[in-house]
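Let me begin by presenting the structure, written as structure tokens, before commenting on it.
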Amino acid sequence: MTAPMTRPMTRPPFHLAVALDGTGWHPASWREPGARADELFTAGFWVDQVREAEAGLLDLVTFEDAFALPDERPDHVQGRVDAVLTALRVGPLTEHIGLVPTIVATHTEPFHVATQIATLDWVTSGRAGVRVKVSSDPAEYALFGRRDPDAETRESLFDEAADHVEVQRRLWDSWEDDAEIRDAATGRFIDREKLHYIDFEGPHFSVRGPSITPRPPQGQPVVTALAHVDTAYRLAARSADVVFVTPDGTGRHGPTGDAASILAQVREAEGGVERGAPLHVFGDLLVVLDDTAGAAHDRLRRLDESDGAGGPGLRSDARILVGTAAEVADVLAGWHDAGLTGARLRPAVTAHDLPRVTGELVPELQRRGLHRTAYEADTLRGLLGLERPADRYAQV
Amino acid sequence: MPKQIHLAAHFPGVNNTTVWSDPAAGSHIAFASFRHFARTAERAKFDFLFLAEGLRLREQGGRIYDLDVVGRPDNVSILMAMAAVTERIGLAGTVNSTFNEPLDVARKLATLDHLSGGRAAWNVVTSWDEFTGENFRRGGYLPKDKRYLRAEEFLDAAKALWDTWDADEVLADADAGRFVRHGSADRAGRFTYRSDQFDIAGRFPTPRSPQGHPVILQAGDSEEGREFAAASADAIFTRHAEFDAGRQFYADVKARLAQHGRRHEDLKILPAATFVLGDTEDEAAENARQVQYQQVGPATAIAFAEQVWNRDLSDVDPDGPVPSFDPRTSDDVDSGGHISKGRASVRQYKDPVAVAREWRELGEREGLSLREVVIRKNGRHTFVGTPQRVADTIDHFVQSDASDGFVLVPHITPGGLDEFADKVVPLLQEKGSFRTEYTGTTLREHLGLRPSPTTVVPAARE
């Protein structure tokens, strides 16, 4: 990759993200050469992954998270560290890439999440995002002992998540940008007329505000969500800036349809709400990459076997592409033609597939004019072509 | 070798002790300030950094209090980011036990410990006020008389969660296809914890961190606070930074350790201390006087008086005498009706009429204005003098068992520690009572604490 001396003024037509999840999305990925599974709970492991993604000029990385562990098999990775803190640990050691940790709206305080994400935005000078998800796993409810999973429906969980995001957004705006005045003459550090109570009231929580943290550099950090069904598209339309979808995937509740039909559903959901810029719609794709399609299939077969002969093999809600970087580029070009604005790749084995993304896919996309050749902005909103929004409480 | 001094650096907070009006004062929120402060403390080989917490902006007279620094990051978050720009220094922050859940906090602190290589510390605090509760799901749910119970059970639950993973549980043995040693039915995070405040069960998701348990700090001078610290904490913060009171406090708290099966050195006593330096004693005294006037401007003097009088005093002249009338006593600070909200220090005014009388008498006796009385009452700087004088005093305190060291509270962000690091620390090092290099990598090692127990305690508490 040769970066031009001056920054291109235009945004790339298509955005590229990577979803980081431990050693990769294949359950046997930790056993692969170079997987560094014994370093999974150290900072260096995460810093190196994100730097690799940044070397590929990606828009952002997401960090998966959950409070409950997904299974109990001693031959699978057991254990996680907190995603928001992982992003904060990486933040000072990267320069351009957006950092988007996952939070579970169902079991967290919107006030704490708002200040954590605002802190991430301050630490990174404007590269913070957040991926919001809901929890319906009874095991997660038992970890908190605060509510009954049977009392929730998919609708009530998504409504609560929308409220959670609304509180975050109001708290981020609860300090106007110029609230800090340091007026020695009157002894006032802030102009309190520029700090605002948010007075949110909802069925799950009421939050008074203002935030303890000043408005972050982006004003509004980037909110994202993964969606497979209409309820989730509506949440994204109400609350998010970026929605991750699963074209040609098996979904969580049945097949999700192709890129064009998903996009139509998302745009319809957006039509039902008031919002500014249209949603970015990124297609998720789980990738198993190699020099040839045959080699990639051999790798997957070997991974599946090492996870247990006769087992179901790799499963995913997203489409799984087993092949070459050029084949991935073809799929992404097709998604671009269908109107998607980006893709989020889930590497099957991070140690193997992430370098293929940055070293092979990225140059291929650059050749096709679908990926930047240098970072053109300093904030995540900037990379995504989103304006820094005015403060909702500011007097015009 | 003389007794070793432990030093911590308190990032300047949202009290009037922090002077934001000084030309040298920088941002309280930009990461560059935190980086500068952390690197200075690490360059000076301090044990740890400390950040206080407040989960609601203070109010006075029904309006947001605007005279002090306002605005701060999330504590554990900014500590995690500071881990990226430092290598050895401990990272300590307050996290409230009332408006959080044990699983989430235990996981965050274990993550902070993992991703800092064993440098995490937690100051456990409890609160019960509805005022702060208005920012959280459960509101003001906790009765005042349960606040210590909540904190105790919260810490106990967190320790139980950290103990659910054996130190050698993670094998990551690719060839054998074995990530964890045990089948997860019996270990690898399994727990049940039932108590008055909690009813939780499942698997704690984060493997044991380098320190096992992050270092536990406790701030508190009260009887409950001392007992809580003697039973459970690794270090205690105190306001007792005066020599005689410090020795008494030190002896009292250390004497409590044995009944909890703990050794004298298992709990470090660290008073909070401020300092002002000068090239001569006279210069230091003059610098200290100027800082006091910066800390208590005319508007702050009125605001402090309002916290005692519990009424609007905006028509009082700060350069005139202390008001001749008595404070309003109909609402105490816990009733929700007090003029000042979100400020723990106001609880010291248990008898405001007596406090007002004392202020008035001081003013009349010495001919001081209201502002001058507030300055006097706001407390002196702990250490004022030449670097040699300050180093001698600190060493004397520690060698005389008035403390094990200090939490230093500079008054300028972010450079307020620089002069201490450059001028005082080398003198302490010359005495042989402060490290010249870190000898360990974890905060437990810096503080001379034993590793947290690695023996497995039963995961179930019923």
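Placement of Cβ uses the backbone N, Cα and C atoms for every residue, glycine included.
Please treat TrEMBL annotations as automatic predictions, because they have not gone through curation.
Feature annotations, reproduced from TrEMBL:
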BINDING   B:Thr94, B:Tyr148, B:Ser222  FMN binding site
DOMAIN    B:21-400  domain 'Luciferase-like'
REGION    B:317-344  region 'Disordered'
B:Tyr148 (FMN binding site) CB neighbourhood, other CB atoms within 10 A: 18
Sparsest-packed of the listed binding-site residues (B:Thr94, B:Ser222) - C-beta count within 10 angstroms: B:Ser222
Model confidence over the domain 'Luciferase-like' (B:21-400), averaged pLDDT: 92
DSSP-derived structure type at B:Ser222 (FMN binding site), helix or strand or else coil: coil
